[in-house]
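Colleague: Sharing a structure, written as C-alpha cells. Questions coming.
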Amino acid sequence: MGTRRVTPGCAAGLLVLLLRCFGLAEPSEFSGDDSFTIVNENTGKCIQPLSDWIVAQDCSETRSMLWKWVSQHRLFHLESQKCLGLDMTKAADNLRMFRCDSSVLLWWKCEHHSLYSAAHYRLDLKDGYATASTNSSAVWKKGGSKENLCDQPYREIYTRDGNSYGRPCEFPFLVGETWHHDCIRDENHSGPWCATTLNYEYDQKWGICLKPESGCEGNWEKNEQIGSCYQFNNQEVLSWKEAYVSCQNQGADLLSIHSAAELAYITGKEDIARIVWIGLNQLYSARGWEWSDFKPLKFLNWDPGTPSAPMIGGSSCARMDTETGLWRSVSCEAQQPYVCKKPLNNTVELPDVWTYSDTHCDVGWLPQNGFCYLLANESGPWDAAHLKCKAFGGDLISIHSLADVEVVVTKLHSGDVKEEIWTGLRNVNSPTLFQWSDGTEVTLTYWNENEPSVPYNKTPNCVSYLGKLGQWKVQSCEKKLRYVCKKKGEITNDTRSDKLCPPDEGWKRHGETCYKIYENEVPFGTNCNLTITSRFEQEFLNDMMKKYDKSFQKYFWTGLRDADARGEYSWAATGGLKQAMTFSNWNFLQPASPGGCVAMSTGKTLGRWEVKSCRSFRALSICKKMSGPQEPEEATPKPDEPCPEGWHTFPSNLSCYKVFHIERTVRRRTWEEAERFCQALGAHLPSFSHMNEVKEFLHLLQDQFSVQRWLWIGLNKRSPDLQGSWQWSDRTPVSTVIMHREFQQDYDVRDCAAIKVLDNAWLRTWYYYDERKFGYLKPFSCDAKLDWVCQIPKGSTLQVPDWYNPERTGIHGPPVIIDGSEYWFVEEPRLNYEEAVLYCASNHSFLATITTFTKLKAIRGKMENLSGEEQKWWVKANANPIDHYFLRTRPLWHRFSMLLDEECLQMSAKMWHLDLNKRADCNDKLPFVCEKYNVSSLEKYSPDSAAKVQCTGKWIPFQNKCFLKVKSEPVTFSQASSTCHTYGGTLPSVLSKSEQDFIISLLPEMETSLWIGLRWTAYDRISKWTDGRNLTYSNFHPLLVGRRLSIAAYFIDEESHYHCALMLNLRKSPLTGTWNFTSCSERHSLSLCQKYSENEDGRPWETNSETVKYLNNLYKIISKPLTWHGALKECLNENMRLVSITDPYQQAFLSVQATLRNTSFWIGLSSQDDELNFGWSDGTYLHFSNWAVDNEKLDDCVILDTDGFWKTADCDENQPGAICYYPGNETSKEVRPLNSAKCPSPAQSTPWVPFQNSCYNFMITKNRHRTITQKEVHSLCQKLHSKAQILSIRNEEENNFVVEQLLYFNYIASWVMLGVTYENNSLMWFDKTALSYTHWRAGRPAVKNHKFLAGLSTDGFWDIQSFNVIDETLHFYQHSILACKIEMVDYKEERNSTLPEFIPYEDGVYNVIQKRVTWYQALSMCSQSGRHLASVHNPKEQLFLEDIVNRDGFPLWVGLSSHDGSESSFEWSDGSAFDYIPWKSQGSPGNCVILDPKGTWKHENCLSVKDGAICYKPTKFKELASHAHSSKCPLVKRNGSQWVQYGDHCYSAEQALHTFAEAKKLCQELDHSATVVTIADENENKFVSRLMRENYNITMRVWLGLSQHSLDQSWSWLDGLDVTFVKWENKSKNGDGKCSILIASNETWKKVECSRGYARVVCKVPLSPDYRGIAVLFAVLSVLALISGLIWFLVQRNHFRWTGLSSVRYEHGANEDEVMLPSFHD
C-alpha cells in the first residue's frame, strides 16, 4: 500500500465514481444546454429520426439533426419534438421516438463514449439504422468535437416568481401542442419563463427563468457604493446546495457580506424574506468556515453561541435573519429563500506572488521572495509579540496568499503539527472585522475547523495558526504563544533569475525546484514526467500556465498514469518503483476511465486533472528539476502496529476500523454527524487508495453482519471548492477510479457516499464478490441517517470523550459482536451443559444460540483461535435454526440440528456440521459461549441532537412524512429499498387510510405495481414495516382472501425466500391502491420513497386555500353549512358543478382534503327513486363508487365523510361544506354510447358497469371464495339482481371489454369465470344459449362431461380446467374473478339454434368435421366419405359457409390452397374454378385457408392444426371419360396410378404433390425409361390437361419435363427431344424461372423456379412390345431352367437313367393381349 502523506495541500482529493451529477455539482462553465449532433465515430454519420426509424446520414447543422439534453436524462430532438426512448415491451425494434411524456423508458446515460439505458441496452448502429443492443460497442460523440455526449450534461435552470417556489424548469414542457426545450417569452409574463412540470396546460406550474444576464438588469438590483449586484429570491425555497447552484448558473454566487455597510444594506431591504441563505459554509473536509465565492471571511456577525465549540452534530451551512442581521449555522438541507450576488466589475488584477526573488535578510531570519521571517523561540500574549516584532523593524506575520501559507508550513515548521503561532490578524470591532496589524488588506482567510469562533460581545480577538497545517484559529489575546515576525528584505537580483536553475531560457524556480514549459504538443512521456506533490506546487504551476487561459484550451502532461489499466493511478515509475500520490486535483467527472494518462487543463478549470489517451492525445509539457535534496516522505504507520481495543484490521493494512451500528449507538447519523463522531475519537470515516483495500474492507464488514447494511464512508463532494469532484474526509488523495454502471447516474445533490455490506453471507460460500464490489458503493443524500465506520491509523491513540464507552476486555477476553448480539467465550471453568446455562444466566446472558451463517462463521473463527479446531463448546439448541424455512433445499453441510427435542448441543470449529446433528452427552465438561441480547452500547449518552428532518427539494410533505417520486427500471425489493436509502428514506409504509389515500393521489403516471415497505417470510406473522413501524392498517386486495399463493423460491437466491408487498396502480379500477405480495426477488417498479419529518407541512396541498387543482380538474372547497340543494346552487354561482368523482385518483385526493380539514362535504351524488339508483347531478355516468361498507343508503343525498367513504345523508340537513369542481378534458361529461344500458346502482360496493346492452358486476368481495360451483355462483348473481346470470360472452367486442376489466386485477387474478356448461353432448352457456362466439386458447375443448371450469384469461383467450387435478383446479378457481351479467336484450331465441349434422344447400349436402385436424387430414377425411372440402363461387355461398362457422363457433378449413411456393395462386381442392375471391385483402401468411366465426378468411399453414373443416357432397355427379389400358404400358407398382395409353406413349398421373426434384426421381422409380411428361403438340397438351382434370386432386399444376440450360439459356426436354411445341401463358403473367409447369385448367404453360412450390406429376414412357407376353416368356424360361437343373441332379443321382418329357403347348387366351401358360403335361 502506498504512503499517505498528510500535507496542507491534500485538501483537493477527489474520487470519481463516474457519477453524472448533472447540474448540481459541475463547474459553472458547463452550460450543457446547447444543441448538438450525435455522431457515430466508426461511420462519421449523424443520427436523425425519419418516419418511424432513427437513421444515420451525412452530418449537417440542420434542425433535423440537432438534439439536446433535457430533464430526467432525456434526449430531445428539436425538429420532431420527441424524445429518444426504449419500448421494453417489444423484443425487437424497440428504439423509437416518443412523446416526452410517454410511459416508456426515455432516460439515457453515458459510459465512456457509449450511450446506455435500462436493462443494459446501448445505442447501436446497424446497416444505417440506430438500434438498441445489449452488446453494442458503438462510440458516439458530439458533432464537431471529441467530447463524450455527457461531457457537458444538462444543467437545471431554477426559477423565481411564478407559483413553483423556485423549483427548476422541466424541459421540454408542453404548451398547447408545442414542446419547448428552452425558456420562452410572451406578453403574459415579465420575462423568459418555463413550466416546472411536463404539461403546463395540465398543471399550470411555472416560474421566471434564472439564466445568466449581463449587467444588473432584470432580476438584479445594483449597489454602486458596495460595487455589487443582488438578486433577492424571497418566495423561492431551496436547500443550500440548490440555492448555490441557482446562483452559480447565473454567473453569480450566494450572498457574501464583507462589511457593516453591506450588512446594513441587506437588512434594510423592506421586502426581503425574514430568513435567507448566505454563502457561508464549512463543507470542505477538515477546513473551517468560508464563503462560497472564496472571498476572505474577515467580517462576522454570528448569532450568540454560533458557531459553538466543536460538536458532533454541527451544521455546515449558514443562514441570516434579515431582521437582526445575525448569522446561524443550520442543516444544509433546510428549505429557505436565498440571495445571489455578483460583482459590478469583475476585472480584478491578481498580484504576482509565485515569482522567485533572491532576498537578503539579517542573520537568523528566513528570506523568501522579498520578505524576511523570524519564528520566535519565546512565548507571549499577542500584544507583547506585536511589540517585539515592531522592535525588530517589522510586524506580526500577515498572510495574503497560498504562497505565504506555503512559507509557514514548509519553511518555518518541522515540529508538532498542533503548535499554535500568533499571526498579526486581530479584531477589535463589533460586529467582528478582522484586520492585519501591519495595515495590509485581508485578501485570504484560512480558517481551521469550526473557525472563526468569536466569543459573543467580547473583544479583542486574536488569531493564531496551527504549525504544519497553517490553518487559523481565534484565541484569547492573552494566551501565551510563539509568534512569527515579518519584514521586507533586500532583493538582490532585479532580473529575477536564479543561479540554481539551468541557464536555458524559460526555467522558473519554486522552492528548491526549477520548472520549464515546452510548447510543442507531444504524446505522454516524450519530454519528461512531472510529479505534483502539494496544493502549493499546483498553484505555482497554475501561475505558469495561466497565460494560456485566453487561447484555445491547452493541456499540459503530468507524469500520472494507470500503467496496469486497473483503475489505480500513480506517478510514472522512477527507478523501477511507482511513486504514490500525496495530492490530487481532478476535474469534474474525473478520472474518467482506467488505463489513461493525466493532463492538466487550462481555461476556467485551470490546473484541473483529466484522463487522456496515452498514445493519441497531444499536450504541452512542464519539466521539473530538483536543485536541492528531495524532501523525505513522512513516516507512515507500520502494518504490525497495534489497533485500539475493539478495533479491527486486515493483513498489510495501515488502518484500524470500527463499525458503529444502530444496535450499539443511540441513533443513526447523517454523514456530517458520523464524520464528526469519528473525529471526536481521533479518527475519520474510511478512505481507500487501492482496489484491494475496498475488497478487504468489505470482507471485514461482512463478518460482522448477517443482514444488509449501508455504512457511511469518507467520500464526499459537499464543498463548492471541489467543483463537483470527490474527496476523502481524511484528506487522502484520490488515486482510484471506481467504474460501474450503477455509479454513472446523476444523483442530484447526493454528495456523500456509503458502502453496502452484502447480506447473502451463505451465498459467499460459492460467490466471491470481487467482480460485484462496485455495486456496493453509492452516493447518498448527506442528510440520510445510516450506520457508519470509523478509521484510525495503526499505532494511534484513541481519544475517549466523556460520552464514549470504549470496548473493555472482560475476564474472558474481548467479545464477538454480530448485529445486536454479543458473544462471550468462557474457556474456564469447564462445565457441563446445565452448569453452563446457569453460569451465563448469572452474568446477565444466555447460552448462545446460532441463527445466521454470519454468526456461525464468527463463532467458529473465535473457537479456532482460542482452542483449536477440534475442541467442542456448549451452545444452545434453537427452535428456529439458521433460516429453517429453506433447509430442505440445502445440502447436509448447510443444515443445523434437526434434533430439536434434544436440548444439549455442542460444536467444534472443524466438525460443526456433524456436531449439530447428533446427540451430545450433557455431562461432558466443556467450554461454552454466552450471549448477551442487550449488546453493550458504545455511547453513554448522545453528545449531539438529531438534526430536524424537513421535506426539502422534490420531497412532498404530508402530515409527518415526506414522499419522493422516483423513476427507475424494474428492480428487486432490496434494490428498491437500497435506492430509497440513498435518498435518505425508506420504502413507503402505510399507517392509515389517510396515508393510503395520499399515496393513491400520487399514483397517476406511475407503473402498475410498485414496492412498498413490507417484507416477511412465509413462516412469519406480518407485524412491522421495514421502517420499524407496526402494521396498524392493511389494504390487501380482497381477492387475496382465502387464496393460496404459490411463490417460487430458489436456493441460489436468498431474497426469493421472502415475501414482499406491492401496491397496485390499476388506473380507474376501484381497487387501485390495494396491496398484493410476491417474491422479493421479482422485479417491479420503484416509484415512491418516504422519510419522516418533524414538521407537519401541508403546503403543496394548500389545505387553507379554497381552490385546489389536481390532475386536470379545478376544485373549490366551500366551508360553510349547506344543504345538498344549497351546495348545488352555490357551485352554479361559481360557474362550477357539485363534484362528480369518476376514478380512484380523484377520490383519494378529495379524501385527503376531507381528512386534513376533518370535515365532511356534499358531493354531487343523489337518488331520484328512493335510494334504488344513484346518479351524478352533472349527468356523469356512475361507474365508480366508494360506499362505506356499513352504509344502509337510507337517504337520497351523499356526502364524502372524513374517513374518505361515501355515506347517504338527508338532503335538507346542513353539512359543514361542499366540493365544487370545474372538470378538465379527461373528466368532462362522458358521452355514453347509444346502445349502452342503464344499469342498477352499485351492489356490495362494486358498481354495475355498462357495455352495449348489458351490465356487469365483477365481484371482489372477501367471501367470494366460498362459492365454487356454477350453481352457487349463479345464486350469488341472483342475490345481486334478479336478472343477473353468470358471465356469458356473445362477440369479440364483449370479450375485449371483459379483458379490459380483468386487467385491473391482473396482478391478483388471471381469469374471469365463464358460465360455460356441458349438456346434450355440447357446450352451452348457463342460460341454455349456444356458444355462438368462442375464443378457446387450445381450440375446440375435448370435454365430454360437466366436470370442468372455464375462464377468460388476461390475454383474451378462454381456458378450460378439468377437475382431474385438484391442485390445478383450486389454483384456477383461486385466481379467478366471479362476474355477473344482466342482459337487457333477450338473446335466447337468437342464440338457441344448434348446428345439425347434415345441412343441405342447393346442389350439395354439407357437414362439419368437429375435430382438430390439419388441412391435409381434413381433405383425407372428406374424401373417405366421398366428399370434398367446401368451395365458394358467389357471395350467397360465402354467407352460407360463414353462417355454418358462426354457429359452430370455431375456425374451420375450406378447400382453398396454394402450392406454388408464393402463396399467391389459390385453387379449390374439388377442382372447381377459382372464380370468386372471398376476402378483400390477404392479411396473413399461409398456403391454406380457414374461415373463422367472425367471417374472416385467413391464410394458414396447411400443416397447422385447426378446429375442424367443412365438407360437402354434391348431389349431381359428373361422368368421367374412360381410357384404354394397354398391356404395352408398364405394370402398376404398389399403390401407384394406372398407366394410360395415348398414341405411342403411356402416361401415369400421381395423386400426391411433389417438388420438381422429387418428380424426376419418382418417374425413374416407376420405370427406368419414364420421364416427367413431355408434350410434342397441341393434341398431347389437351390430352394431359384433360387427364389431370378428370383425376383432380388439390391443384391443376403439373410439372413439365422442360427446363432451361444455364449456359446458353436454351430450353430442352428431359428425354432429349427437341422443343418443337410450346404454349406459354401471357408474358405479363409468366415468371422467369428455369423450370415449367402445365396449368391444366387453362392448358397453358408457366415458367417457375425449380426449387419452389409443389405440383402434380405425370410420368411418360414410350409404348413398348407386349410387356405382359415378355413377362410370361421370362417366367416360362425360368421354370424350364429350374426343371432342367432338377433333372440333371436326378440323372446324376440315378446313374444317368433317362425319362422322356412331353411337349409344351402355348395357347392364346380370349384376350389377345394376354399370354396364358395353362399347364405342363408329362
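Glycine residues also receive a Cβ, built from the backbone N, Cα and C atoms like all the rest.
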Colleague: Out of N345, N653, N1642, which one does Swiss-Prot list as N-linked glycosylation site?
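Modeller: Record annotation (Swiss-Prot, N-linked glycosylation site): N345.
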Colleague: In Swiss-Prot's disulfide listing, C389 is paired with one of C462, C477, C485, C501. Which one?
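Modeller: Partner cysteine, according to Swiss-Prot: C485.
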Colleague: Scan N188, N1030, N1076 for the residue that Swiss-Prot records as N-linked glycosylation site.
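Modeller: Swiss-Prot annotates N-linked glycosylation site at N1076; the rest carry no such entry.
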Colleague: Identify which of C1197, C1220 is listed by Swiss-Prot as the disulfide partner of C1211.
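Modeller: In Swiss-Prot, C1211 forms its disulfide bond with C1197.
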Colleague: Candidates are N457, N493, N1626; I want to know which one Swiss-Prot annotates as N-linked glycosylation site.
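Modeller: The residue tagged N-linked glycosylation site by Swiss-Prot is N1626.
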Colleague: Pick from N1392, N1535: which does Swiss-Prot describe as N-linked glycosylation site?
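Modeller: According to Swiss-Prot, the N-linked glycosylation site annotation belongs to N1392.
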Colleague: If you check Swiss-Prot, which of C317, C340 bonds to C332 via a disulphide?
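Modeller: Checking Swiss-Prot: disulfide partner of C332 resolves to C317.
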Colleague: Thinking of Cβ pairs under 8 Å, which stretch from 493-625, 958-1091, 1251-1374, 1542-1661 has the most of them with the domain 'Ricin B-type lectin' (32-182)?
Modeller: 958-1091
Colleague: Taking 368-486, 958-1091, 1401-1513, 1542-1661 as candidates, which has the most Cβ pairs under 8 Å with the domain 'C-type lectin 7' (1251-1374)?
Modeller: 958-1091
Colleague: Tally the residues of the domain 'C-type lectin 9' (1542-1661) by DSSP class, grouping H, G and I as helix, E and B as strand, and everything else as coil.
Modeller: 24 helix, 44 strand, 52 coil
Colleague: Want to know which recorded positions, from N135, C332, C782, C1060, N1320, N1626, are within 10 Å of N1076 (N-linked glycosylation site) at Cα; which are they?
Modeller: C1060
Colleague: Quick one: of the recorded positions N135, C317, C678, which has its CA closest to the CA of N1593 (N-linked glycosylation site)?
Modeller: N135
Colleague: Within 10 Å of C752 (disulfide bond) by C-alpha distance: pick out those among the recorded positions C183, C340, N345, C477, C597, N865, and say none if nothing qualifies.
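Modeller: Among C183, C340, N345, C477, C597, N865, not one has a Cα sitting within 10 Å of that of C752 (disulfide bond).
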Colleague: Inside 10 Å of the Cβ of C678 (disulfide bond), count up the other Cβ atoms and send me the figure.
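Modeller: I get 25 for this one.
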Colleague: Would you identify the secondary structure of C1211 (disulfide bond) according to DSSP, in three states?
Modeller: coil
Colleague: Can you count the other CB atoms that lie within 10 A of the CB of C247 (disulfide bond)?
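Modeller: Other Cβ atoms within 10 Å of C247 (disulfide bond): 27.
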Colleague: In whole Å, note down how far the CA of N1626 (N-linked glycosylation site) lies from the CA of C1502 (disulfide bond).
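Modeller: Pair distance, Cα basis, whole Å: 30 Å.
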Colleague: Compared by Cα position, which of the recorded positions C317, C477, N529, N1626 is the closest one to C389 (disulfide bond)?
Modeller: C477
Colleague: For the disulfide-bonded residues listed here (C317, C340, C477, C752), which one has the lowest count of neighbouring CB atoms within 10 Å of its own CB?
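Modeller: Ranked by other Cβ atoms within 10 Å, the disulfide-bonded residues C317, C340, C477, C752 bottom out at C477.
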Colleague: If you count the C-beta atoms lying within 10 Å of each candidate's C-beta, which of the disulfide-bonded residues C332, C1211 ends up with the smallest number?
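Modeller: Among the disulfide-bonded residues C332, C1211, the lowest count of other Cβ atoms within 10 Å belongs to C1211.
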Colleague: Could you tell me which of these glycosylation sites, N345, N377, N529, has the greatest number of Cβ atoms within 10 Å of its own Cβ?
Modeller: N529
Colleague: From the recorded positions N135, C194, N345, C1197, pick the residue whose C-alpha lies nearest to the C-alpha of N865 (N-linked glycosylation site).
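Modeller: So, of the listed recorded positions, the one sitting closest to N865 (N-linked glycosylation site) is N135.
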